[in-house]
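Feature annotations, courtesy of TrEMBL:
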BINDING   Gly163, Glu164, Ser165, Gly166, Ala167, Gly168, Lys169, Thr170  ATP binding site
COMPBIAS  616-626  compositional bias 'Basic and acidic residues'
COMPBIAS  1116-1128  compositional bias 'Low complexity'
DOMAIN    8-60  domain 'Myosin N-terminal SH3-like'
DOMAIN    69-761  domain 'Myosin motor'
DOMAIN    1527-1803  domain 'Dilute'
REGION    597-629  region 'Disordered'
REGION    1099-1139  region 'Disordered'
Amino acid sequence: MAASELYTKCARVWIPDAEEVWKSAELTKDYKNGDASLHLMLEDGTNIDHKLDPKTKNLPYLRNPDILVGENDLTALSYLHEPAVLHNLKVRFIDSKLIYTYCGIVLVAINPYETLPIYGTDIINAYSGQNMGDMDPHIFAVAEEAYKQMARDERNQSIIVSGESGAGKTVSAKYAMRYFATVSGSASEANVEDKVLASNPIMEAIGNAKTTRNDNSSRFGKYIEIGFDTRYRIIGANMRTYLLEKSRVVFQADEERNYHIFYQLCASAHLPEFKNLRLSSANDFLYTRQGRSPVIDGVDDTKELCTTRNAFTLLGINESYQMGLFQVLAAILHLGNVEIKDRDSDSSLIPPNNRHLTAFCELVGVTYQDMAQWLCHRKLKTATETYVKPLPRLQATNARDALSKHIYAKLFNWIVEHVNKALITNVKQHSFIGVLDIYGFETFEINSFEQFCINYANEKLQQQFNMHVFKLEQEEYMKEQIPWTLIDFYDNQPCINLIEAKMGILDLLDEECKMPKGSDDSWAQKLYNTHLKTCSLFEKPRMSNRAFIIQHFADKVEYQCDGFLEKNKDTVNEEQINVMKASKFDLLVELFQDEEKATSPTGQVPGTGGRTRLSIKPDKGRDTKSKEHKKTVGCQFRNSLQMLMETLNATTPHYVRCIKPNDFKLAFSFDPKRAVQQLRACGVLETIRISAAGFPSRWTYQEFFSRYRVLMKQKDVLPDKKLTCRNVLEKLVQDQDKYQFGKTKIFFRAGQVAYLEKLRADKLRAACIRIQKTIRCWLARKKYLRKRCAAITIQRFTRGYQARCLAKFMRRTQAATIIQKYQRMYVEKRRYRQKQAAALAMQTILRAYMARQKYQALLREAKAVIIQKRIRGWLARCWYKRCLHSIVYLQCCIRRMRAKRELKKLKIEARSVEHFKKLNKGMENKIMQLQRKIDEQSKENRTINDRLVGLESSYTAESERMRGELGRLRGVEEDAKNKANQVSSLLEELERLKKELSATQQEKKTIEDWAQKYRDEMEKMVSELKDQNGLLKKEKDDLNRSIQEQSQQMTEKMTRAIAQETQQLETDLNEERSRYQNLLTEHLRLEEKYDDLKEEMALSSNVSKPGHKRTDSTHSSNESEYTYNSEYAELEDGSRAREDVTRGIDTSLTLKLQKRLTELEQEKQSLRNELENKEEQFQRARARDDEEFKKARGAELEYESLKRQELESENKKLKHDLAEMRQSLLGNAATGAGAPGSPAYKVLLDQLNASCEELEVRKEEVLILRSQLVSQKEAMHHKETMTEPSVYAADVSKLKDAEVKQAYVGLKDTNRSAAPDFHKLNEDGELWLVNQGLKETIRLLEQQLQTQRRTYDNEVEALRGELQNVKEENNRQQQLLAQNLQLPPEARIEASLQHEITRLTNENLDLMEQLEKQDRTIRKLKKQLKVYSKRIGEMGAGQTEGQTSPGQMVDEPIHPVNIPRREKDFQGMLEYKKEDELKLVKNLILELKPRGVAVNLIPGLPAYILFMCLRHADYVNDDQKVRTLLTSTINSIKKILKKRGDDFETVSFWLANTCRFLHCLKQYSGDEQFMKHNTSRQNEHCLSNFDLAEYRQVISDLAIQIYQQLIKCMENILQPMIVSGMLEHETIQGVSGVKPTGLRKRTSSIADEGTYTLDSILRQLSAFHSTMCQHGTDPELIKQVVKQQFYIIGAVTLNNLLLRKDMCSWSKGMQIRYNVSQLEEWLRDKGLMTCGAKETLEPLIQAAQLLQVKKKTDEDAEAICSMCLALTTAQIVKVLNLYTPVNEFEERVSVAFIRTIQTRLRDRCESPQLLMDTKMIYPVTFPFNPSSLALETIQIPGSLNLAFLTRV
């Protein structure tokens, strides 16, 4: 293909750029061969000329089509080169927020510097079991691929994670380990996977630190081997570490930190257990403050230490060891603070009593003197002697730091060793997966020994990577049988030889270390002399003689030689080591116990320790050992690296390359320069180059045919698609070197797919143009025809309009004339009437005025006469009163004068003696008379005084008034006397009065005028008040209206609140139910684990067979809690016998399992108690309302209890009498004539036994009689047509009192059952009477107990009904109260009165109704009592006659009341023997085939049979039989489900039968709420002796477990079909096209053989539905199952859609909506639209709609937010980010639009979870579904082998 065909106008290319590395441009002119430059236009519109290299004439890289941008696999790009890779990564990272991308076999992971919700358990479950190319790139996909290849190929795997510091290597490795721990589980209950994960926080604490590039940078390399057993479950792990950065312990650069553990300890120094460590802030220690950044944002070091300590505990490192570790770490910090001072230029010293050195010595248990001595001195050895040399301050400081580094390294190795010990198990390892977390290629401004070792390791890994990639390419070509040639790729073996070969850099370094006076300078000179001229990869810097340059595979790196020798030696003063070994601290001694004798490569002999003299003779015994050398760091690293490479080469590698997008830790910020640098260094571009050198694009023939079908003509399409593709490709691409045909694929060179895409796009564009042309023509013609038709219509309507206007004008003219005529006539008539009315009004007013004037004159005259009359009368009365008063006054004066004179005379007489003597005569008599008179007068006086007191109080006020009036009258009297004397003055007064009268009249007139004015003002004021009143009324109406509106709103609000509360309560109920069912599932899982553990204990001596089946670790058996308890007891009994066998099993594991099981049981019980407490609170609230009723019932219940106790005591007494009678009979037989063995004695014993048997028979007959009387009640109304037995039965059916009824039955039984033999037993017939009385008493007691039980049940139901009524009344009262509170006060009072009247009326009616009912009952009972009394008398007479002639009773059955035995055989019960129970369970449950039962027999037959057997056990009152039958049934069902739990038919069959058995237990329990659904015959079959409510709960739990097992079974069947049928298969052919894919091929959307389609799902759903219907599953339960099925389909489909970028397109949305419509159609066909299944698909429907709606404007964003209510914000954003155009005509979603969506959805309160929970199971309920099938009609087929069952 010529360049001119590709480099045409509008073609886009990449050109180099200094800032962005590569910049996109578009050709503005076609390129022609020979052109020196290209005319380009940049994206910002700038036009430039791009000069071509005149030598090479290389054209710039072409840009891929837009539809290929953002691909999951970089190898899917048509043009494979650096700018295409960089741009694809940038688009995915910035625009789509996707951090993972495939590049062939490599997973490229870009660090987002932000926590993403893509690592949850739901994501792990979504990737589990998927092919690597089927889902979007993810670290979990790589982990799953490694896991599957390990299981499939039985080959060990490795995951190599590499990258720069800060690129995210540690996190990626951690997530890979978490994936293995989650999907594989562990082989034992020791939680090995938790221990593996627990090693991460420990290693991060002691091996990670903050750097300028990363807050949690791993400063060591590690390789973790995760071991698996034969079932591929985790059994342990092993960790290898490489090249710990020890220098960080003593030095940190700016903005960096030491290892995390030091800061964690300093942050927790306040804790009590750390007080003895003497720690403080991190800024107080030299080793932690050098970086000046002691705190990491968002990290709490205190909490991190708690996490670290918990991890230590989980790994078995106890508290004492932990404190020892912390003690050593604290000692290192104190050692760093030891200050060393100069003594002179060649020596140094430590000041005495240095507190930090003291703390160090106390913490590590060494002496202060020794430590101070050897920190400032060292021991040197010569040929003849050994002497001590003081150290300068700088060397002593370095020796101190070296000791700190050495101690930390020892501690690090000790922790790694113990972590490995904790992760090792005794189980044999079958395979392993290694996770290598190692440093990437590093280059800094100053590169030293650490960078050299790191880059050396990366050279080795890159070589291994290149060989593996080349090997895979070669295998692919050979597999497809296409010719291939060797691909040239970069081989870095020369660089590796330069480093590790003989006389290489490491060899020269080790040799220089052995030299006594070796230095970095001499080593550099040796390097120059050896390699400078012989190796092209080794260079010398121009300006330095202490550095060298190596050309690595990634870049040139300049290394500084300073410090190489010292770091390679890793020298520590041996005397310091000896002091450490002599420590009293056990842990420190353990750290140094493996210390080699020689501590430096120079072979110096360690001394004896302690204080030494300056000259010491050498120890000859150690001369031989002095030659031993410690391996250098470089040698150790080379050997460990060689072991690592051997391990990796023996495994299948998987590569994860971590990329650091920027150096500033900014979230989702992409720096192209840094990214390209890392891509070159990590080998990604090398992979691209190797792929591009061959055939990078690969298509299957089917995919090629589907994609490029548009380029073929009809004649080119042949039946053989492979031949069709060959023919078409030969026509389209002339150069046959550009492609190759393989067995199953077509291989294309780079760029060919882009060329084919261009041809396809051109063909589609031409087709679109043609379609547009035709459509536009059709639209134009349609528009013309519409316009012509519209014009004709307009003309027609216009002409019609004009004609109508003319007619309208003429009509209006005529109408106007008529109107004018009548108007003028009306005006004249109105004018005349106005004048006439005015004249009449004037006349009326004038006449009225004259009449009023005349009336006023008459009125004034009459008033004047009245005034004169009144004044004259008043004057006369005044004159009379004055005269009368004067006369009375004169009389008083005269009488006073006379009285005074008389008094004077009496006084004179009293003084005379003679008079006194005269008067004294007869004085005694007079005194007596006077005394009596005085007494009478005193009585009268008292009476009068009382009256006077009353009168005085009454006339006091009147007297006061009269005094005032008297004063006034006296004045008037005096005036009258004066006027009487002066007549003239009276005349003058009369004149004056006349004048006053006239003045008064004037004043009156004035007052009248004022009154008129006042009246007018008042009228005006009244009118204003009326207006104000109207306004107030209007305001009142408005307020009433607003109040009504508010009340309506309040009512609506309350309604909504009630609805929300109801919904919340329903939600809470479902959550509680779901929680309970989850706890039940957890309980079942623990039971299964317990059973597995028990089996392992029993079979521990056997070796498990190897297998390759991948199973869930939680799969085990099902056992009920009752079985668990019994088996656990048996296990305890048998554990002593198996003590030797179980000795090897982890007993702590068993205790932990038992403890966990107990906790779950307690939690389950606490939940039940909580529910019961809530119910009790509710019942307590109800109980307050009916306490008085219960008190009233208490006396009656007490009476019944006493009565029952009395009857029981009487029964015991009768039994005792019977026993004594037997003893007496035995005694009489021994002493009397009838000795034992005599005929009379045998007859007596036989009769007694017969009586006992007859007693048991009578019990059954009483029960049967009671059931028959109920059914025969309606058939016995007409007494005259009935025989005597029917009369007897009718009479019995009418009895209500249990005692009278039983007595009546007893009399009848006595008459008909007495036999002559009983009378002959003894002379008096006492034994027969005792026997009959005993039978009657027992019947009476049984009847009373059953009656009391029914009475109690009825009372409980009545109380519940009354409580419900009280609750309803309370609710109604609350509603009325709420309504009344909203009314005004007057209306509120009226409403309250009305409500009270209504309540009292209702209560009155209820009381009247109860009174009438009681009256009717009394009348009825009186009537029945009369009838019963009469009949009892008749029966007594008949009995007397029967006793006189017993033979007649036998011969003539007058009262034949025997119970017919034939009904006893059909009571719906099945009898079996105790020993046949196992056979029953075996034949009916364990060996029953569901298919035969479902097809040939009635649904639920096993449940009916089991219940009929249970009924018989209840009937015979055998509680042991009931218990064992139920327990055996439950355990057998669990056993068959454990054995055949994967068979849907079996699980469905036993779910239906368990539910039917549960319904039968409810239906025949005797509870009123269940009995109301039964027929009368079914009510007779109710259980009578046992209450199985607890067993109903157990069976309900069993049904829940079976339901969950059914859901899991269906999920396992549907899971492989869902993604293929709902997403990948093209139900509508031709809608979506296949995009180019990379090396990781996905399943084609074209249906091949074996591919599941939507029809497969529908057929499977129909099979599920028909199976459940055949098994008789309840319809409501079927609806719940279907709802769960549809939820699984919707959740799995949506989750895969969210994790697959290639599925998020417009066409795929159409496919999904069509598939959903087919599912809805299936629901309609099955009549299941109301089951809620459609609603579970709502998230999937909305996701499909989201793929199809417009996604551009703000209106589109608003529509999306209002439409996608069932999707979370994370899901919406994820779909928009993943939206990928399949064709060039579709547009991508802009970043701005996605941000708009996020802004609008910011306020949503929802879970941040991305995926739906596919493991979620809706809480199941079992609504009561009674059966109409009569038990007595059930027939047992012979095929069930249940002949041992007897029908009863």
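Just so you know, the numbers here start at 1 and follow the chain as drawn.
Just so you know, glycine gets a Cβ as well, placed from its N, Cα and C.
Bear in mind that the values here come from a model prediction, so they are computed numbers and not experimental data.
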- [ ] Give the residue from the binding-site residues Ser165, Thr170 that has the most other Cβ atoms within 10 Å of its Cβ, counting over every protein chain displayed.
- [x] Thr170
Task: C-beta crowding around Gly168 (ATP binding site), within 10 angstroms - done: 25
Open item on the list: Within its own chain, what residues at least 6 apart in sequence put their Cβ under 8 Å from the Cβ of Lys169 (ATP binding site), listed in sequence order?
Closed with: Val161, Ser162, Gly163, Ser218, Asp437, Ile438, Tyr439, Gly440, Cys658
Task: Residues of the domain 'Myosin N-terminal SH3-like' (8-60) by DSSP state, where helix covers H, G and I - done: 0 helix, 24 strand, 29 coil
Open item on the list: Using a 10 Å radius around each Cβ and all protein chains in view, which of these binding-site residues has the most neighbours: Gly163, Gly166?
Closed with: Gly163
Task: Cβ-centroid neighbours of ATP site Gly163, Glu164, Ser165, Gly166, Ala167, Gly168, Lys169, Thr170, 8 Å, sequence order - done: Asn111, Arg213, Asn214, Ser217, Ser218, Gly440, Cys658, Lys660
- [ ] Would you mind listing, in sequence order, the residues at least six apart from Ala167 (ATP binding site) in the same chain with a Cβ closer than 8 Å to its Cβ?
- [x] Ala109, Asn111, Asn214, Gly440, Cys658, Ile659, Lys660, Gln678
- [ ] Tally every other Cβ atom lying within 10 Å of the Cβ atom of Glu164 (ATP binding site).
- [x] 25
